[in-house]
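These notes concern the structure reproduced below.
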Amino acid sequence: MYVKQLELTNFKSFGGTTAIPLLPGFTVVSGPNGSGKSNLLDALLFALGLSGSKGMRAERLPDLVNHSQTRRGHSVVETRVVVTFALEPHEIPQATLSTADSPVQPTEPTESPQILEWQVTRKLRVTKQGTYTSTYLLNDQACTLNELHNQLQQLRIYPQGYNVVLQGDVTGIISMNSKQRREIIDELAGVADFDRKINQAREKLDTVKEREERFRIVEQELIQQRDRLQRDRVQAEKYKVLRQELETKQEWSRVLAWQTVQQQIKQLQTQIQVGEKSQAQLQSQLTQLTTQINTDTKNLETLNRQVKALGEDELIKLQTQLAQKQAEQRQLSRQQTELKQTQLHQAEELRNLQINLQTEQTQLETLKKQQKQLEAEQIQPQQKACQIALQELEASRNQAKDLNAAAQAWMQEHTQLRTEINQLATILEPQRLEQSRLQERQSQLERQISEQTQALAEIESELAIVQDEMATAETLLAPEQTEIQRLAQQIAQTQEQLQLNQQTRERLQREQREKQRQLDKLEAQQLAIQETQGTQATRLILQAQLPGVIGTVAQLGRVETAYQLALEIAAGGRLGQIVVEDDAVAAAGIEILKRERGGRATFLPLTKMQSPRNLPNLNLPGLVDYALNLIEFERRLLPIFAYVFGQTLVFEDLSSARRYIGQHRIVTLDGELLETSGAMSGGSRQQSSLHFGKSEAQESNEVRELRHRLAEIDRLLSRLETDLSSQQVKLQQATQDLTEKREQLRDLDQQQNQLKTSAQALTRQQQQIQTQLSQNQTELTATLAKYQQLTTDLPQQEGRLTQLRETLAKLEESQTHNEWQTLQDQVQQKERAWQTLDATLRGLERQKQDLIYHYQRQETQIQQHQARIATLQQQQTQALHQATQFETEISRGLAQVSDLEQQIRGLETQMGEIKQQRDQQEYQLRQAQTQQQTTQWQLQNLSETQAQKAAELKTLTEQTPPNLPPELPEIPADLTLPQLQEQILNLEKRLRAMEPVNMRAIEEYEHTQTRLDELSQKLAVLDSERTEVLLRIENFTTLRHQAFQEAFDAVNTNFQAIFATLSDGDGYLQLENAQDPFAGGLNLVAHPKGKPVQRLASMSGGEKSLTALSFIFALQRYRPSPFYAFDEVDMFLDGANVERLSNMIKQQSLTAQFIVVSLRRPMIEASQRTIGVTQARGQHTQVIGIKLQD
């Protein structure tokens, strides 16, 4: 396709109608400045609707009409431009074929392929009043601009493309910012289409969200209503059950109380009687024990005096010395035992070494004897035998040399006969073989002819069967191929969707990690702020769910919005303090903070906070009220809020409050705080993390957006994982089906190929058998004739061979031959005998060397063992001496121990009996004293117990019996009256706490739950729809990124190649944000030859133009069009660069039509043809064409 003709009527400087024919290839339009050469390109822009009036250098469209027409005063003037395209049949736009009556007309028939014409016309009609109408026509059929652009896009001509490059387009690329430059790639990649799809999906998502939000509001209302009814229902059921249980247990309580009283009376009476008996017994025991203690004390004193006189101190000293000596004896015995074990080990080692030494010495003697025996009995006799055999061999060799001369004549006659026999046998043997072969071949041919005749019949039958099977297989192939194509298409679609989902998942995972990092950073910042404000410790206590923690001060109070600022300023840091039931809970919380290192917190125990004093009534101008009166809270928390606010007053403004500064603690509604000390605080308010009704800091919008986006990503990733699993299963199943079908098709193909091969083989076999049959019949005839000829010739030649063999046998029986032959045999035998003896001798020598090696090794081991034996004997001598010393010391110690034991026994004998008596008397005294104390304590306790029981018996006897039921109920045996009374009190408290009770809550609860279930189902459907829309948006986003990246990579590759050609340097395209291209712009980075790497802004004018042109060419190469038009794009280039540019255009013109407006000689010389444009003074523009090249 190319622009075949451009026809201008009254367009700008062209008056009348001017038709300009154009040809494919490279055409230059040239002429003086102001001659109207650029108007040709403006005409293209005008006709094809590729630019507005400003792009065609006109303020308004009416300015495009030739001035001579407007000056003539016509009521309506018109300009028209017709662009005629030459198309091949396959290039005709589809819409044109379906809408136009006669869309295209063939040109005159030529020898080349048929070329069709396609015309685009634009008319502009301007009235005197300056109004105008513009009309587009396709092949003389009216159309709209959008319809025209749709047709042009099918011909690869794009409104936003670079088919027509004007002077301002090159400078525009240079001057535009990086984001606008990136949007050029966006347009090429079709990003706008994806944006449109994404916007449509977002609109649907907004609709779904709106419906979901409405349902969520209703759901929350229903949940609140259900929860309230749930509590009422549970409360009503509990109330009924508890009431019945209370009545039952009250009756049990009366029965148990009466039974308990009766049992207690009986028990007390019995216990009092037993106690009186015990008192009498204990009093009698106490009297006896006192008498016994007095007697034992006197006896003990007498025995102590006797033991002291007999020398008890000397005995203790001797026992101490005996213990020391015994310890020394044990130490010496242990050392003696260790020494004996060492001696035993050394003796065992010495004994083993001596045994080994004797064994090795015996082996050494044996080796020495073996060596001598081998030398004397084997080596020397073998050497002598070898010498004798060698001498005999030399003698036989000399005798053979003498006999060899005498046998020469016999050898010549023998050789002649042998040669003649061999020649005759050489002739006769092949003939015999040939005779046998011919006989065998005759039988073989006869057998083959019979077999081949039978095989021909079988092959004809098999060939018919194979041809039938081939026809059947051919009918089965077509359905299998169709099914395989369908499965392959399904797999391709599934793989494409799977890849898209995988890329979307990877992109979402990257975004999730980035968003999570941002959220973590914000949370860390927020956490640091909370730690400085103490809210981290508060959060830790609240999350610990410690029993007895009521909440923070901020959580427990509610205020009106008008007073919130004033009360929060007045409370200050106390808003975050924690209210607990008692000081034990506070202590437990402090321990948690210490253990977790969670910071510090202030606890306010309810049981320890002081009750507030009454607030005096004040009537001051501007006073709102006491701060304590402006907050709502539970009455039991009054001490807490009195501690927080004290007697702080709330005033309307600062001017009213200043009168009472120093008298009261005051806070204004605007947040100014006036202390009683006179200090004043105020100004702009800092962001506080705590507010009444809230326990934690409010999350920022950024954090909420991040959390919302992360939640969306989690939902999308979950959905993607499900879709990916499903698609992988689907893909696996389809792949398996495709493999099975391909296997079946392969089997069918293989079967068909085998059948074809079989048919071809059978046909070839049939032909071969027929040929072989004919050849075999001919060969059989020739074989019979040749066999008869050999049967006649062979007997004569065999007679001659027999005669020669008999003569040779007689010659070989002569005496000379036998002697020579015998001598040769003797020489060979003696050579073999000598070689055997020599080999045996070498083996004996090797055996001798082995014995010598073992002898030397044995000697070394004997020397080592002897040295070790000497060492052990020395160590044994030292051990014997040390053992003797130990025995001497042990004997001396035993004597000393024996002496001490004798002395101790003597002393113990002297005072043993008296000491034993003293110890026994002392033990007896202690036992009696202990028993006396125990008896006194028991008697005292028993007296007190008797008095108490008597009083209890009197009280129980005077009680009035309760009202009991006629039949006593069954009561659990393990249930006591205190336990039952405690249970009754608990039941009564629970019943009072539950009142009043809504008994209709059960029915209302069921109705609300049904509505909530229906709504939940609708929300689940909406949630699924929302996830689907979100996933569609993310997939579109992924495709958008993919399309942009593909376009960018291709344009970048083209730019690098084109820039290298135009500037002898290197350059590339650089994204400002490679991770998210749409968040940044696009820079052109160039490295002209001989210069450092530069960005576009820092280049010279010519370098900028070359770089921008390289970018334009790269865009054109990515999305090629059938024609391009350039308007003086070389004006800022020098001659060398113009020449490079012209060569580039010349090269590109091989695949597209180029129309270039230029005044430069290299550009004109490089073109195939030139259109000259000129304009005489006051005349219209005229054109002329010059063909420069074929």
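Backbone N, Cα and C atoms are what each Cβ position is placed from, and that goes for glycine too.
Per TrEMBL, ATP binding site is recorded for P32, N33, G34, S35, G36, K37, S38, N39. Residues or ranges marked as coiled coil in TrEMBL: 191-532, 703-768, 855-959, 998-1025. The feature domain 'SMC hinge' is assigned by TrEMBL to 547-661. TrEMBL lists 678-703 with the feature region 'Disordered'. For 693-703, the entry in TrEMBL reads compositional bias 'Basic and acidic residues'.
Taking the features listed in TrEMBL, we show where each one sits on the structure.
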{"residue": "P32", "record": "ATP binding site", "Cβ within 10 Å": "12"}
{"residue": "N33", "record": "ATP binding site", "Cβ within 10 Å": "8"}
{"residue": "G34", "record": "ATP binding site", "Cβ within 10 Å": "10"}
{"residue": "S35", "record": "ATP binding site", "Cβ within 10 Å": "19"}
{"residue": "G36", "record": "ATP binding site", "Cβ within 10 Å": "22"}
{"residue": "K37", "record": "ATP binding site", "Cβ within 10 Å": "26"}
{"residue": "S38", "record": "ATP binding site", "Cβ within 10 Å": "23"}
{"residue": "N39", "record": "ATP binding site", "Cβ within 10 Å": "23"}
Exercise. To what whole number does the mean pLDDT across the coiled coil (855-959) round?
Worked result: 77
Problem set entry | Helix, strand and coil counts within the domain 'SMC hinge' (547-661) (DSSP) | 56 helix, 20 strand, 39 coil
Problem set entry | Neighbours of P32, N33, G34, S35, G36, K37, S38, N39 excl. site residues, C-beta within 8 Å of centre, ATP | S13, G31, V1173, Q1175, T1181
Problem set entry | Surrounding residues of the coiled coil (998-1025) on its own chain - C-beta under 8 Å, 6+ positions past either end | 208, 211-212, 215-216, 218-219, 222-223, 225-226, 229-230, 232-233, 235-237
Exercise. What three-state secondary structure does DSSP assign to S38 (ATP binding site)?
Worked result: helix
Exercise. Per DSSP, to which secondary structure element type does P32 (ATP binding site) belong, with helix, strand and coil as the options?
Worked result: coil
